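S.K.: Could you have a look at this structure, given as structure tokens, before my questions?
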Amino acid sequence: MWYDELGKISYHTKIAPQIFLMKIKLPKISTSIHPGQFVNIQVNGAYDQKEDSFATIISDPLLRRPISVYDVCPQEGELSIMYQVVGRGTQILSSQAEGTRLKVMGPLGNGFSLDEGQKVALVSGGIGIAPLYLLSKKLASNNCQPHLLAGFSGEEQVRLLQDFHELNNMNIKLATDDGSAGYHGQVTDLLKNFLSSYQEQIDMVVTCGPEIMMKKVVDLATRANLPVKLSVERKMACGVGACLGCTCESVDNQSYKHACIDGPVFWGNEVKLNG
């Protein structure tokens, strides 16, 4: 079940170049979120300031922006998103001040469903780390000791790992393309080395990031006979399967999946990846 809720920004800050963390008061949505799900946000709108009023004065751009949920605090009725400015919509979102009211739809999509006690390796690229925090939090709280292999372009993005370091039972390895922090190289190279030593200690690989990266992750995991779950990103309008704008071609070439209702989380052998 999803809600269309009018929330208030309680916290908004820049944490790395072009990357922001925002907390929004959303009592209904925040109590229903599962790791890997997303929300559809009206990034710009002036509303009547009366409580729970949906009387929109202006909405530009018209279409909402789908953004994965970074964290939730049901006790506070609050959820967090971590997002990167990549276009006009997210640029407008980045300018919104604390106290601004935004219309948010969620929770949307199918998230990560893992068996209790599974030993998981999480592989992220850039902002793809965002939907993996809530999952890491859940795994760490269940004493699953997840492994996180995080790849960034350079050390200026390493701050995105701050919350992960505060989790118990997390094993974190870092790679940067320019060698400014951690392993010098791509995170898929780090994964290859990791699997050569820890393959027997892992039940599943979970990944999110650029599709060219995820494609390599699927290939490496498949060679190691490990199942993979991945989270894709697609442009979409409705978020609920009506517009059919977020299609993903199935591996069998016989059908299409939709990121908003079938995903955004898929098995690694379920959909084709670009790159």
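Glycine is no exception: its Cβ is also placed from the backbone N, Cα and C atoms.
Remember, TrEMBL labels are computer predictions, not curated facts.
TrEMBL feature annotations, pasted as is:
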DOMAIN    1-114  domain 'FAD-binding FR-type'
BINDING   Arg65, Pro66, Ile67, Ser68, Gly89, Thr90  FAD binding site
BINDING   Cys238, Cys243, Cys246, Cys260  [2Fe-2S] cluster binding site
S.K.: Work out how many Å separate Cys238 ([2Fe-2S] cluster binding site) and Pro66 (FAD binding site) at their Cα atoms, rounded off.
M.R.: 9
S.K.: Can you count helix, strand and coil residues in the domain 'FAD-binding FR-type' (1-114) using DSSP?
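M.R.: Here the numbers are 14 helix, 55 strand, 45 coil.
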S.K.: Given the model, what does the mean pLDDT over the domain 'FAD-binding FR-type' (1-114) come out as?
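M.R.: Average per-residue pLDDT within the domain 'FAD-binding FR-type' (1-114): 90.
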S.K.: Cβ within 8 angstroms of the Cβ centroid of Arg65, Pro66, Ile67, Ser68, Gly89, Thr90: which residues besides those meet this for the FAD site?
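M.R.: Leaving out the recorded residues gives Asn40, Ile41, Val43, Arg64, Ile81, Tyr83, Leu93.
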S.K.: Which residues in the same chain, at least 6 apart in sequence, have a Cβ under 8 Å from the Cβ of Cys246 ([2Fe-2S] cluster binding site)?
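M.R.: Correct list: Arg234, Lys235, Met236, His258, Ala259, Cys260.
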S.K.: For the [2Fe-2S] cluster site given as Cys238, Cys243, Cys246, Cys260, which other residues of the same chain have their Cβ within 8 Å of the site's Cβ centre?
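M.R.: Neighbours within 8 Å of the Cβ centroid, excluding Cys238, Cys243, Cys246, Cys260: Met236, Ala237, Gly239, Val240, Gly241, Ala242, Leu244, Gly245, His258, Ala259, Ile261.
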S.K.: For Thr90 (FAD binding site) and Cys243 ([2Fe-2S] cluster binding site), what Cα-Cα distance in Å is obtained after rounding to a whole number?
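M.R.: Cys243 ([2Fe-2S] cluster binding site) has its Cα 21 Å from the Cα of Thr90 (FAD binding site).
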S.K.: Counting other CB atoms within 10 A of each CB, which of the binding-site residues Ile67, Cys238, Cys243, Cys260 comes out lowest?
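M.R.: Comparing Cβ neighbour counts within 10 Å for the binding-site residues Ile67, Cys238, Cys243, Cys260 gives Cys243.
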S.K.: For each of Pro66, Gly89, count the other CB atoms within 10 A of its CB; which of these binding-site residues has the top count?
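M.R.: Most Cβ neighbours within 10 Å: Pro66.
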S.K.: If you count CB neighbours within 10 Å, which one among the binding-site residues Ser68, Thr90 has the smallest count?
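M.R.: Counting other Cβ atoms within 10 Å of each of the binding-site residues Ser68, Thr90, the minimum falls on Thr90.
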S.K.: List the Cα distance (Å, whole number) between Ser68 (FAD binding site) and Cys243 ([2Fe-2S] cluster binding site).
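M.R.: Distance (Cα to Cα, whole Å): 19 Å.
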S.K.: Among Arg65, Pro66, Ile67, Ser68, Gly89, Thr90, listed as contacts of FAD, what is the widest Cα spread in Å, to the nearest whole number?
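M.R.: Of all Cα pairs among the recorded FAD binders, the widest measures 15 Å.
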